[in-house]
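Undergrad: What TrEMBL lists as transmembrane segment is B:21-43, B:79-100, B:112-133, B:153-185, B:206-225, B:269-288. Taken from TrEMBL, the feature domain 'ABC transmembrane type-1' applies to B:75-287.
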């Protein structure tokens, strides 16, 4: 009886060890154009290295959920994953879920992109994709109305008013509370405000509230119906169906807007311009929206490090650029083949934002999910009242207090 | 005839334990453990954003969460959504069942068609209804304007979002109530009907005095199932609005999801889930008791 048991154990162990000898890593990607590009390219990597890459693709918030549950329960077998620096890096770093990247060459990345990748003096993630806020507009409608592209908020409002009709919304931007926070940020910056200053919430300043009121007025008067439940995934189909004349959102959507299989608007009728200036100048956000990291719990760190070098390489960055994905590497933007192919509006707005932009589009804190919902309440109140709400100040004051107490709970209050 | 068991065989001796064992283990591991673990978490302050290990705070999380206006609003919404959806489903389900209880051509085909919403994936339903409800390019407003009716914001406005979501639930679950009721109606004996007709009762009187009382036990079964399910609705709300605009369609389940996977307040999220669990349990017991008292 006993010897039989021993035999079974021996067989199981042999099978397991043979299995371990076949090199494998597990990679979690986002449903993002770059994630798709990687997924398609991974067979090349497998062929070249003999390492089997097990890929899973998830929608961005589900990716966070999956990573969080796996890491928090210490049962993870994830080796490499895509990560959103501004949304989750602080929390992931605090919980010790990132492996420091000690021998990665970061010389090809802009400094402000590395800011969000570094904690203490170590880098924990490789910046992949950057995005900045731009103004998408319909070239044909502007021509017909005899308008020039707005360069400031006053012109933006005048253009929206003129282009707005029963059939076409003059202007659109995200209205769905938490989702709107990132796109509102450039408005807040251009009015001279910000979300967090020196580790304290300050979005109830006069400047920030002026921006929130302007945003609410624009969306209430010229935005599509039901805007308070709309994020980019609801606005994009409207733009593609020709129902929106101007749209402020992240640069990353250009490729999809002009995709002839999805859009009814020919590419030549879609313009990209710099985000309009506000009373206090023009400093739109430019952020690292996606990065890639190695899991601290990974048991295949050498393989993971090799994979991440390949997945964030110059060659793949160039391929990303040619697929209209705005990559973080400096060299990707200097490549002549890329510059010849990519929309000049993207190049021009990237250059402007890289020079003048702010590397945050949301309050940079661990409890950012909840903070976005709290700021979202102020945004929705402003949209619902066309920017004229009498209680906006007191509402914003309450929410600032709530965000500050979140900062206190996580030990980040006054820390910067 | 007594079965002879070979002596000494462990398996043979303990068959009465071994055969039900997989089911018992399944219930313990997959059902009991998660419930008990959630209960345990609800007494802790586990919060991933702080990066601190969890510590036990007993009822502190309960005191905090159960007093929050957002929680009370979500509780109210959970009830209003359930009441609206289940009430309409019951009435419509009854009407449909009464119609289907008659003989007509294509009855089998109609019943088959009615099964389709039940077997559809909730998230797919959510996505399709979102397109349907889109205030600008959606079919719903197109139809309304064709009939000269004003456009609606549907899920885009706090005022209409709960009824709009309830419509989706009604679309999906009315057939289930109808089919349950239909089986109840089919099993009724025809004698009371015949004597009532002889006595000259009207159709309405027959329905009200005979059909309804006789079908009530079945009706209550359907009601229990639907109420429990509707209280726990998560999929279509999460897929369609994520609880928005603002928190206007946030029910307890959606709130618990946000607390756990967007705010990472695991302890407090568990409080909401324990509360919802108790609520569903209480509602089920209430309906079961009601059913028993009616049957006496």
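Glycine is no exception: its Cβ is also placed from the backbone N, Cα and C atoms.
Keep in mind that TrEMBL annotations are predicted by a computer and have not been checked by a curator.
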Undergrad: Near the transmembrane segment (B:153-185), which same-chain residues lie under 8 Å Cβ to Cβ, leaving out any that are not at least 6 residues past its ends?
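TA: Result: 77, 80-81, 84-85, 88-90, 92-94, 96-98, 100-101, 111, 114-115, 117-118, 120, 122, 125-126, 129-130, 133-135, 138, 140-141, 211, 215, 217-219, 221-222, 225-226, 229-230, 233, 236-237, 240-241, 244-246, 248-249.
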Undergrad: Taking 3+ C-beta pairs under 8 angstroms (sequence gap of 6 or more) as contact, is the transmembrane segment (B:79-100) in contact with the transmembrane segment (B:206-225)?
TA: yes
Undergrad: Below 8 Å between Cβ atoms, which of the listed ranges B:112-133, B:206-225, B:269-288 makes the most pairs with the transmembrane segment (B:21-43)?
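TA: Looking at each of B:112-133, B:206-225, B:269-288 in turn, the most contacts to the transmembrane segment (B:21-43) are made by B:269-288.
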